[in-house]
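**Q** Okay, handing you the structure first.
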Amino acid sequence: MVRLTVHLIAKLGSHSKSSRSESFQQYLRKLTHLNFSDKNIEEIDDLSVCRNLTVLYLYDNQISQICNLGFASNLTHLYMQNNNISCIENLSSLHKLSKLFLGGNSITVVEGLEELKSLKELHVEGQKLPCGEKLAFDPHSISSLSETLCILNISKNNIDELWDLAPLRKMTHLFAADNQLHDIQELETVFSQWFKLRLLDLSRNPVCHKPKYRDRLITVCKFLDDLDGKQINELSRQFLINWKASKDAKKKPEDGKDNKLQVANQLSTSADFHLGPQHPSVRERSSSLSKPSENEKPGVTFRTDQIQADSRGRGTRGDSSTEWQSLKI
């Protein structure tokens, strides 16, 4: 097992020969950048002497657990992509961390980020997920990042919705290509809350094939500069925004007119019910509705008496059930 230790740093590090007056311990205390990428490292040992470390490169290794970083209170950049990490943990003391790279691991839930009050970039693309599973997001972690996170990469994670990310209102860049996003209305709702969004990559998602997909997102994301790798022309954006505003303005009066007509009909029906069918105003309105127009032929009125058959087969006139029928000819 290859472990990252101070001895390995001494062996492979760049302790300058010209600094012979400086001890190795002093060198470690002053160290700010440490690059041990692609060294087959499986575990991080105690590096607490490197108290001023700000950038740590550990990508392309065999690390299975994030550990022993509690000393690195000054760390701002952590690169641990392409390892065997399955859980985001032990990062609570990294209060200055602004960029975290964890792509290409085996993480199933984005969690354990509640104490990262300075995190601006999070990269968790291309996780090695079990068949049929998608990357999930812990609400507490997402809520804690709502005022700081600007750049998020969640591409290639079988994600089919973005509701959980709605609180991230400081977002400027979202990379979510090669997922299973399909609901254009959901995306419009989420992105309408991200007023600072400048770059959006949803390429190779099912939603890209929806009618007017590009037009709808450009309209709702009013400051978007780049969509799916294509620049957005300012004139085109303004045209789409104006077109939507005009369409909405025309729709409102029609909706209002329909609503007024519906209310009037309801009031008329209600009034007739309370007045009763024999009220003069009701009879007048009823007769006006049945009156033929000038272009119609006058009706011929027939009186028919309901014939009631007696037990002998003969008909008797029922005066009490006299009906009137009108026939147009």
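Heads up, the Cβ atoms here are built off N, Cα and C, so glycines get one too.
Take a look at what Swiss-Prot says about it:
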- 318-329: compositional bias 'Polar residues' (COMPBIAS)
- 205-243: domain 'LRRCT' (DOMAIN)
- 268-329: region 'Disordered' (REGION)
- 30-51: repeat 'LRR 1' (REPEAT)
- 52-73: repeat 'LRR 2' (REPEAT)
- 74-95: repeat 'LRR 3' (REPEAT)
- 96-117: repeat 'LRR 4' (REPEAT)
- 118-139: repeat 'LRR 5' (REPEAT)
- 148-169: repeat 'LRR 6' (REPEAT)
- 170-191: repeat 'LRR 7' (REPEAT)
**Q** Would you mind listing the long-range same-chain contacts of the repeat 'LRR 1' (30-51), meaning Cβ under 8 Å and 6+ residues beyond its ends?
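**A** For the repeat 'LRR 1' (30-51), the far contacts come to 1-6, 8-9, 12, 57-74, 79.
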**Q** Under the DSSP assignment, what numbers of helix, strand and coil residues are found in the repeat 'LRR 1' (30-51)?
**A** 1 helix, 7 strand, 14 coil
